[in-house]
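What follows is a set of notes on a single structure, which appears directly below.
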Amino acid sequence: MAAESTATAAITAELVSADKIEEDAPAPSTSADKVESLDVDSEAKKLLGLGQKHLVMGDIPAAVNAFQEAASLLGKKYGETANECGEAFFFYGKSLLELARMENGVLGNALEGVHVEEEEGEKTEEESLVENNDNIDEEAREELREQVYDAMGEKEAQKTEDKSLVKPEMDKEQETEMEKGGREDMDIGEPAEELQEKVKSAPDQLTETTEEGKGAAAPEGLSEAEVTSKKPDQEIPGAEEGKSVSETDVQEECREKGGQGEVIVSIEEKPKEASKEQPVVTLEKQGTPVEIEAVKPVDMGGDEPKEQVAASESERGKAILEQLVGQELPSAEESPEVTTQAADASAAEAGSEVSEKPGGQDTVLPQDGAVNGLSAAGDHASTKPQTNAEGLIGTKDGSALEKVRAELVPSQETKLSVEESEAAGDGVETEVAQGATEQSPEDKVKIAANEEAQDKEEQMKEGEETEGSEEEDKENDKAEETLNDSALENKSLQENEEEEIGNLELAWDMLDLAKIIFKRQDTKEAQLYAAQAHLKLGEVSVESENYLQAVEEFQACLNLQEQYLEAHDRLLAETHYQLGLAYGYNSQYDEAVAQFSKSIEVIEKRMAVLNEQMKEAEGSPTEYEKEIEELKELLPEIREKIEDAKESQRSGNVAELALKATLVESSTSGFTPSGGSSSVSMIASRKPTDGASSSNCVTDISHLVRKKRKPEEESPRKDDAKKAKQEPEVNGGSGDTISTGTEVAENMEEEAENKAESRAAVEGTVEAGATVESTAC
């Protein structure tokens with residue numbers, strides 16, 4: 001039983017102890033809140049300490065961030081107006097003020113946040129990687145030189161090998177070109193021989209056609225026709241050089257030798273297009289060129305047969321006449337019209353030469369085509385076939401062979417009329433006259449070419465103008481777009497600036513909030529913090545150039561500090577100094593000098609106290625000495641400020657006096673007593689001059705009258721009489737002219753006193769009165 005009782009007693013004791021432990025244990029929610037509160041307070045204190053450290057070290061942005069975070073933490077926990085937030089807001093505003101000074105100051109650190117030391121360290125590492133010439137020995141230098149020379153020698157050897165490889169390749173190319181040239185010469189020679197054979201077989205056909213054309217009308221004609229061909233390599237020098245002979249050159253040569261009755265024909269065709277295009281013939285006689293192209297069968301105006309001339313292309317691109325067809329011309333009375341159209345000129349020129357000898361032999365020099373000519377004798381005309389590359393030349397009485405080249409103009413149509421052809425003497429004459437056209441074909445061609453060129457130029461100019469206008473429009477559009485974009489950007493920037501609050505404004509808000517929080521507390525520490533808040537608010541006002549507000553804030557700070565601080569405290573000296581600066585900025589130099597002098601007094605008191613404490617102290621006086629040295633360094637700066645304030649006061653007084661003088665002169669001009677005396681003196685000086693020159697005035701008037709009345713002779717006499725009368729009146733009483741008004745007054749007084757004494761005095765006064773009246777008028 002005893003064991004059971006002891007067991008139950010033990011169980012009950014355990015239960016009671018468990019209940020007590022549960023009662024003593026706090027609730028889980030309240031414990032978590034306490035832990036969080038402790039964490040926030042400790043974190044805020046850490047941030048405040050870190051911010052003060054950054055502020056002392058000069059890292060202003062880091063200090064601002066630390067104080068901002070601390071203020072936000074405390075504000076979330078206690079509320080923005082809680083007493084616990086006052087210190088965080090104060091230091092946050094102070095750091096913002098320093099940041100604003102750094103941004104606005106000219107001597108601010110522009111490289112803030114840039115890791116200059118790290119960059120320098122990187123540079124040193126890079127430089128260490130590069131070898132320095134000073135550290136290299138002579139042996140190393142020699143090795144480097146040998147390596148450089150070896151490398152350069154290898155480069156030169158490679159260059160020479162490249163050149164040696166290039167030379168044989170060039171030689172091979174030249175040899176292949178020479179072989180190709182020889183083959184081309186051989187190829188060119190073969191068609192030339194064939195041309196000779198074919199052209200030599202042509203005289204029989206030529207004679208037959210000429211005989212049929214002549215009939216009985218031409219007793220004498222061409223007996224023989226010798227056609228000789230030259231090789232293409234014996235071409236005219238101008239054709240070999242690729243030069244083209246213009247129509248003006250042909251006309252000049254024809255005009256020089258027109259008296260000999262030579263007709264020159266020159267044709268230029270593409271060798272490859274000879275079979276496709278019809279032959280083109282240019283006839284010239286006595287300086288009149290004619291271009292003929294047999295595009296279609298020629299309508300001769302009668303019932304004569306119509307025949308076509310066809311050209312074929314040789315194996316080497318050379319056209320040779322296969323069919324020679326004669327055409328009969330109508331009688332001399334009829335004038336058929338031949339429509340000629342020039343074919344397109346190509347790069348290959350073929351100058352043809354045909355000469356008629358006096359003996360009646362025709363010598364034809366073919367090059368690339370067939371000649372189709374025209375010759376007449378007697379009353380009828382006979383046709384002679386020619387190759388495309390030749391022209392027929394009709395001569396008189398054994399004229400010499402002439403060589404002329406002409407370049408055909410593409411797409412040219414001319415109408416020619418063949419007039420009467422007559423045969424006279426032993427020779428053969430061919431006369432071809434142009435139709436009665438207003439302008440020659442060459443002129444027409446030139447005019448057409450000029451018109452085409454002008455049209456092209458105008459089109460080009462119009463195109464350029466349109467392009468230029470389009471470009472200008474595009475540029476204007478771009479400029480407008482850029483302006484609109486810039487305007488939008490400026491607006492957005494202005495809006496952002498308006499939205500963003502400056503550091504000074506934010507500092508003012510934080511310090512004002514801290515001042516309110518500290519002022520409602522009665523403790524000395526809180527009041528001193530409030531005084532410091534007033535001081536920093538004054539500095540913000542100075543930065544924003546609101547000097548009156550700054551003076552008010554500094555004065556409030558001074559009042560609070562004087563209540564709770566000793567007379568030798570350095571905070572008082574600082575407040576006096578800041579107040580003196582504010583007065584100086586506000587042009588209140590007397591008050592500025594007074595505040596600066598009070599600051600010096602406080603510093604001197606502090607130095608005296610430190611000296612006493614240093615004497616009393618038994619230990620090392622190093623701390624006191626350091627503070628004394630700091631205070632001594634501050635004194636010269638404050639004294640310099642005093643001198644500046646006094647000097648500016650003097651200059652300001654002088655400027656004020658000058659300004660007042662100018663204002664007084666401008667406001668009282670003409671109304672001051674000096675102005676009145678000057679006006680009186682002017683009046684007095686005018687009176688005697690008027691009195692003295694009264695006679696002169698009369699003479700001037702008489703002079704004017706004399707000019708207007710020239711025929712009157714009495715006017716000068718009357719003027720002289722008036723002068724004689726007036727002069728004794730002016731000079732009689734006093735003997736001299738009156739110079740001033742004061743003399744007139746004195747004479748009047750003297751004459752008034754002497755009236756009763758003598759008649760002479762009375763007469764003098766009368767004369768003086770007369771003079772005064774004369775001067776007054």
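Don't overthink the numbers, they just go from 1 along the chain as shown.
A Cβ is built for glycine as well, from the same backbone N, Cα and C atoms used for every other residue.
Residues 705-711 are the range that Swiss-Prot records as motif 'Nuclear localization signal', among 75-81, 131-137, 411-417, 705-711. A 10 Å cutoff on Cβ-Cβ distances gives Ser651 (phosphoserine) a total of 11 other Cβ atoms nearby, all chains included. Residue counts for the repeat 'TPR 1' (44-77) by DSSP state, with H, G and I taken as helix and E and B as strand, are 32 helix, 0 strand, 2 coil.
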